């Protein structure tokens, strides 16, 4: 019987038993090593003696001294002391095991990379190419090695190239040559390549004299010759499903669907801004308050519906290709090319396309059936006919009857995109004559006749159909009423109307595709911008000047920035057509000119920061003196003044760095207010043509005076308008901005969003207190908003060279850029609203207001 005083046994901790047993003398004697070289069985040692490395050795690299068991430890403390295990293997953590695994892996890799030599697999990959090589470099390399091939291509930055051989003999010779002659001491290996789905079943096409057929096949391609994956992916999908995926839903349900999608995207802004905030800086209040509104950065105030739902697009870009049955077709692609889909189907039952556009697409399709020139092949990147675009111009908004919108289309522009590479010029001119005749006759024979203003050919030799703005244009039909002097290209334009203003549109200029919904969009942006006669408005990415011109009567001056030269020319023309004189449009990339324009009109940010610090010091000193010498009545006056400021009167920008007077407002505003309801075409075209001849970047008139002259006069006049309390060192700075109390920026960037340089310039300038962002891609809006709204620390982090950015999302890249953002006051998201410019599709515009 156990003694009652004996304490109960405690359970041993894990590992304690092993340590106790291995550390006891009996265990040491039991595991003591036998004589050197004695066999394990003969010496009575454990079969696993010294077959594993000691954990102390693996962690610290020390010998037996670092182990608590010393010489009695059963584990090896060096690679030399390590012994093989009974099954002939080594400790997996040892160097010997690692070397053996490496040799085995290399042997297996060589076995797997054995090239299949057969006629059915002549498409191969070249592995191990330098990243800097391009397609031309790899072709030169193969020619220098004496290797014959059919096609070769490689993208710069990749280590893999693709080569197609014409025969088994060429492939066998290439494998042998590359094994014997390594490039730069490194062997370039050949491996099998998997062809894309749209290439698997196509036959090799014949290309001669600039002629080719889609997918390299005979023009009479049958449905049976279409690749199986493409048939499976496209047979159940129509052009209506591909272009308008929400057309099956009632319009109210579409609006709710888009509103929910926009809310989810805005929540991403909150999450990413929280991650981007520096650890040493507290989170902004708007992030804390986001919990109260479901994680949104600001209130989403709903979605504005489109005034018209069907046939609203004033610009339709039709692809040219072959249908699933092999017929030449003008319409929409049924999927993405990267998915192996090249089939094009007619725009049947597409609710967003007008009947006029569909009829012109059918006319062009009928013409292609008899054309001797080939269609563009997306696989071989060759052919002639590429794309067909229809642009429509409508009557003024007040005359539009929503039930009969198409009857209000008064002007039509047709743009035919071609590739003239290796095509005979005489043959091309003959085809153009036939095309213009067919389109003109087709428009006149319709009942009722279709409007047709101009026909333009765009010669684009690139791979993608997205042609640059400076692509050559060939006018085939010029408006009959335009008998003015000048280039024919300048006359190929149509006109549309927004807010009773007339806009001239050139072939490549950007113009919102939904005119009536765009009018609501611009009105909303102007209301949120809090515009008045003392406002200087920067219209970034202005296009043809639609936003700035529609809001010009509500501001003192508009400065527009646009990189498309023809669009800037249109903006100047539009300003003169509508009698607007308080707008200036600058041609150039926004990231190149935004900094100089902000400095020109507002002064440099450094000046304002220095002025703010000087004013704060003087104000503190004056406050101290007033506190000492003030009387009771002075205190009452100060209190009343404070109450006045709290009520919002005499409100100045928060930085308080510059006293912005209105000494030059009358000179700037001039006749801008009187032109609000002016007739759109009241100005004679002779005056318009004279201004268009001027340089796009320099031609700007304000009350018929050059901008530079007015700026100089305003500067001199501003020097006499300084308040007696202003600092003399800030006279020039105050004069440059003395005409405007309010500075607002409205940005309407393309889908990629604003350039980081533009974001930095807008954020760094303290006078820009309000920014309205109009986005056609909410994903890029989130990325730009992260940089605008994230607080920054005084210590900047330099961006380190890291290839990880290739796999980062747009929001992730924005978070990285905020680390190098100079210390500045961040914006705060205040309001957001979606605007449905694209009914029946998943796309939607987003308007967001930022303030600080």
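In case you wondered, yes, glycine gets a Cβ from its N, Cα and C as well.
Keep in mind that this is a model prediction, so the values were computed, not measured.
Here is what TrEMBL records for this protein:
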REGION    1-47  region 'Disordered'
COMPBIAS  14-23  compositional bias 'Basic and acidic residues'
COMPBIAS  25-39  compositional bias 'Low complexity'
ZN_FING   48-80  zinc finger
DOMAIN    48-80  domain 'C3H1-type'
REGION    183-229  region 'Disordered'
COMPBIAS  186-205  compositional bias 'Basic and acidic residues'
COMPBIAS  210-225  compositional bias 'Polar residues'
BINDING   512, 562, 748  S-adenosyl-L-methionine binding site
COMPBIAS  613-632  compositional bias 'Polar residues'
REGION    613-686  region 'Disordered'
COMPBIAS  641-686  compositional bias 'Basic and acidic residues'
ACT_SITE  776  active site, nucleophile
ACT_SITE  776  active site
REGION    794-826  region 'Disordered'
Binding-site residues compared (562, 748) - highest count of Cβ atoms within 10 Å | 562
CB neighbours within 10 A of residue 512 (S-adenosyl-L-methionine binding site), counting all protein chains shown, number 24
Determine which residues of the same chain, besides 512, 562, 748, have their CB within 8 A of the center of the CB atoms at the recorded S-adenosyl-L-methionine site, and list them by sequence.
-> 510, 511, 541, 542, 543, 544, 546, 547
Length of the line joining the Cα atoms of residue 562 (S-adenosyl-L-methionine binding site) and residue 776 (active site, nucleophile), in Å = 17
Can you count the other CB atoms that lie within 10 A of the CB of residue 776 (active site, nucleophile)?
-> 18
Could you tell me the C-alpha distance between residue 776 (active site, nucleophile) and residue 748 (S-adenosyl-L-methionine binding site) in angstrom, no decimals?
-> 8
